[in-house]
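Engineer: Sending over a structure as structure tokens; questions will come in a sec.
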Number of protein chains: 2
Amino acid sequence: MNALRHTISLVSLGTFQLVRRTRGPHARGFLLGTGLGLASFSAVTYAHSAEAVDPKVNGVQMNTSRFMAEPITDSKALLGDKENMRHRMEILIMEIQAEFCRALEAEENCGQKFKVDRWERPEGGGGITCVLQDGDVFEKAGVNISVVTGSLPPAAVQQMRARGKNLKEGASLPFFASGVSAVIHPRNPHVPTIHFNYRYFEVETAKGEKQWWFGGGTDLTPYYLCEKDASHFHQTLKSACDEHDPTYYPRFKKWCDDYFRIKHRNESRGIGGIFFDDIDSPNQEAAFNFVSSCARAVIPSYVPLVRKHKNREYGNNERQWQLLRRGRYVEFNLIYDRGTKFGLYTPGARYESILMSLPLHARWEYMHEPKSQSEEGKLMKVLKNPKDWV
Amino acid sequence: MNALRHTISLVSLGTFQLVRRTRGPHARGFLLGTGLGLASFSAVTYAHSAEAVDPKVNGVQMNTSRFMAEPITDSKALLGDKENMRHRMEILIMEIQAEFCRALEAEENCGQKFKVDRWERPEGGGGITCVLQDGDVFEKAGVNISVVTGSLPPAAVQQMRARGKNLKEGASLPFFASGVSAVIHPRNPHVPTIHFNYRYFEVETAKGEKQWWFGGGTDLTPYYLCEKDASHFHQTLKSACDEHDPTYYPRFKKWCDDYFRIKHRNESRGIGGIFFDDIDSPNQEAAFNFVSSCARAVIPSYVPLVRKHKNREYGNNERQWQLLRRGRYVEFNLIYDRGTKFGLYTPGARYESILMSLPLHARWEYMHEPKSQSEEGKLMKVLKNPKDWV
């Protein structure tokens, strides 16, 4: 039985974390793109009811309790058509979300847990937003999945045409989008911020043909540069890419450096990683496997850095520098990030899921510039001129 | 003698405040619009040299020491053609900047002063950026003037055409822009933030005719609502408007409410004020007098509120709420403000002057919503549904 129950207040159910009611209005829009902006909408929160039982199809049982909340798509349907790429992607992002959230919770020294908001979207689909705020290791950590269907307005079709998609101009087209995205802002300035996003997209052309593609990426934003960490991070991503195509890492590393640029300051948000979009070759199976490898590389690329630095001592100078760099993070996300901009301009967007990427605290000082020989200055050199790490 | 001297390091000269060297690269772009984005560029800082003597033209002496720095236009030229609107506007904005900075300094309990950056722009003109940071009353206060000439690129001409200006499409047109803008973020959550901007614009059409107009506005962003303060603020602006045209205040109050809207949250940045653009009637003299009245209304509209609340007690709850609202301020400025967006997309913009409007600290909490009966909730009601104050 797949009963859903509307939770009225803060409540903890079964194997799930604390669930609370989403306060925003019902959604009317849709979101695409990178970052946490992917398909995020406001809706009331649902959770496993106490009576919920895992579904069984043809004797095969799906253990949904390993996820952060019940899947967006009916579990029987997910199990019933396991070859469907929509379903495979939904199961992948549910797994990635749960594994990442639990890996982060395991690093918290005092047992802080993610809060889980499961929301539905009247036009179709929904999402699960997990946030851990004010932890002792993670100041603000957001991990979001969404699975939405709807109609792509002409402006969005136009944006895709500009990217080279062969879609009819001026038409509204049916679409499906699913993805996982996360931004983790740790408290200790020696632990870097990580962002990742992996997504699958389908759009139906005016002739009724289906186009599909994958996009995504993972990138790191340290406050203090540790070259060994940077190499480990990039090497882990490179290994994930190399399994599939030796040209991927160099191409997607450069794409990442180009994308995460704070243009008005002529500096990068962080030390990069990989970034790609419109992946539809050599075939759907291979593309899915590539995206799976990248998504599964997140934990080994990042969690060792958390463990290594989370208990290091730091003082007020390091904290103030971290807050200044978080101000730069806000600048990038609000001014340049495609997903955030596109999302926020969409009427009825679930802005709480989109803006979950913003840090708990940020700082702006007029004319701040670190000394070039300082640790802060060394980071700036790499942000001004991205370098190769592997 | 109007000698200029290139200051190499932090130095205090004559009656001027501390001057320091601007670190950014030389400018290549230009900026227009509202907020601090108006015509701000990076350049090396100049200041009165020790030998500088006030200029005398036809026996009339200009006392430039009352300004925050030497005017951008040569003082002899300013004095020599006093009927020229460019010169009248430059003198007005220099006076407004100096009077406002000194009125704020007078409110500081421990004598903090504005730092002054005077910068020039290779293409013509320059500006004076005054910042008081980490004061005991003002956490971050920025007051900027700029006076620039240059060539308006076709994209900017197109933007003006969209606003109804009769300009030739696809052409680069010579322009002149000058203005004063300020954003003041006090430390005490009971003291509101104020923003104002007054500007004059000239553009030469392809036929060699000159078009000119004024724009501007003043608006208030309280963290706690004091209805008496809100009425005082709006009444002061209304009186300034009413001297010139009884239709101005109601029209420009509504324009302000419409403009400073954080659309994705469906709430206003603050409790409004006045906002206008493209003022070119009934004649240049009357339009200038109107703008002068508005600019001179800033101090009486705001400084009494600072004095009234600056020493009030407050706790951590009030501080955290103030920081959350400052996060909303950042959202508006980086996502919606025309001047900021236009400025930051301009290559070579003096981003330090544009982003001076951002608070020293801001905070983003996931799903924060104050109780409707709390003081914070009362403010939110007014931000959701702007009301009339006079």
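Placement of Cβ uses the backbone N, Cα and C atoms for every residue, glycine included.
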Engineer: For the annotation region 'Important for dimerization' in Swiss-Prot, which listed range does it cover: A:131-140, A:211-220, A:281-290, A:381-390?
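Structural biologist: Range annotated as region 'Important for dimerization' by Swiss-Prot: A:131-140.
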Engineer: For A:Y198 (substrate binding site), which residues of its chain lie six or more apart in sequence with Cβ-Cβ distance below 8 Å?
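Structural biologist: For A:Y198 (substrate binding site), the qualifying residues are A:L92, A:I93, A:I96, A:G179, A:V180, A:S181, A:F214, A:G215, A:G216, A:V291, A:C294, A:A295.
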Engineer: Just to be sure I understand the packing, how many Cβ atoms besides its own are within 10 Å of the Cβ of A:H264 (site 'Important for dimerization')?
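Structural biologist: Other Cβ atoms found within 10 Å: 22.
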Engineer: Residues of the same chain, at least six outside the region 'Important for dimerization' (A:131-140), with any C-beta under 8 angstroms of its C-beta?
Structural biologist: 101, 104-105, 107-110, 112-115, 117, 184-188, 191, 306, 310, 356, 358-361
Engineer: Using other CB atoms within 10 angstroms as the count, which residue among the recorded positions A:H195, A:R350 scores least?
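Structural biologist: Output over recorded positions A:H195, A:R350: least Cβ neighbours within 10 Å is A:H195.
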Engineer: Out of A:S181, A:Y198, A:H264, A:R350, A:E352, which recorded positions come under 8 Å of chain B, measuring Cβ to Cβ?
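Structural biologist: Cβ contacts with chain B under 8 Å: A:H264, A:E352.
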Engineer: Let me make sure I understand the structure: which of the binding-site residues listed (A:S181, A:E352) has the fewest other Cβ atoms within 10 A of its Cβ?
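Structural biologist: It is A:E352 that, of the binding-site residues A:S181, A:E352, has the fewest other Cβ atoms within 10 Å.
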Engineer: How big is the Cα-to-Cα gap, in Å, between A:E352 (substrate binding site) and A:H264 (site 'Important for dimerization')?
Structural biologist: 27
